[in-house]
C-alpha cells in the first residue's frame, strides 16, 4: 500500500530526478490537507454504524427489489453480506483518504471484484450506488462537524464507483 508521498518518491526515483516544482506542490497539497483528512477519518470511524445504516437504508428504499424475494439481499445471509461489503468499501475509503492515494483500493478492493460479483450473480449498479451513498453520508457528517474543505473525501468513493461502473460495461 502506498501513500501520496511514497508514490511521488517512487516516480522520481525511477526516473532519477530530484523533486521539481510539481513535486513540491504535490507535497504541499498533501501536508496542507493532512489535519482535515485525519479529522475526517476520525469522524467516519466514530460514525461507522450510522453511515452504513443510513447508506443501506437509502439503497434499499431506492431499490426495494434488492430485498424482495429473489433479490440479491433478500435472505438474512445475503443481507448481512451486503452490509459487510458496504462496511468494507467504507473502511478502505478511509485508508485512501488518509494516504491521499487510491492504490489501496485497486490492491485490496477492486481487483477481481467484478469477477467475484458476476460469479455470484450480484449486480454492480447497486454497489456503485451504495458507494455514492457512503460518500454523501460521510460528507454530511464531516461538514456538520465544521470541516468545510472536504473535496478530498470524494476521491476514493468516486474512484471506486468509476472503476466498478466502467468494469461493468
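Here the Cβ of each residue, glycine as well, is placed from N, Cα and C on the backbone.
As annotated by Swiss-Prot, (2R,3E)-phycocyanobilin binding site applies to 82. Residues or ranges marked as N4-methylasparagine in Swiss-Prot (evidence: similarity to another entry): 72.
Over all protein chains present, the Cβ of residue 72 (N4-methylasparagine) has 20 other Cβ atoms lying within 10 Å. Its Cβ placed at the centre, the residue listed as '(2R,3E)-phycocyanobilin binding site' has 23 other Cβ atoms within 10 Å. When the Cα atoms are compared, residue 82 ((2R,3E)-phycocyanobilin binding site) and residue 72 (N4-methylasparagine) turn out to be 8 Å apart.
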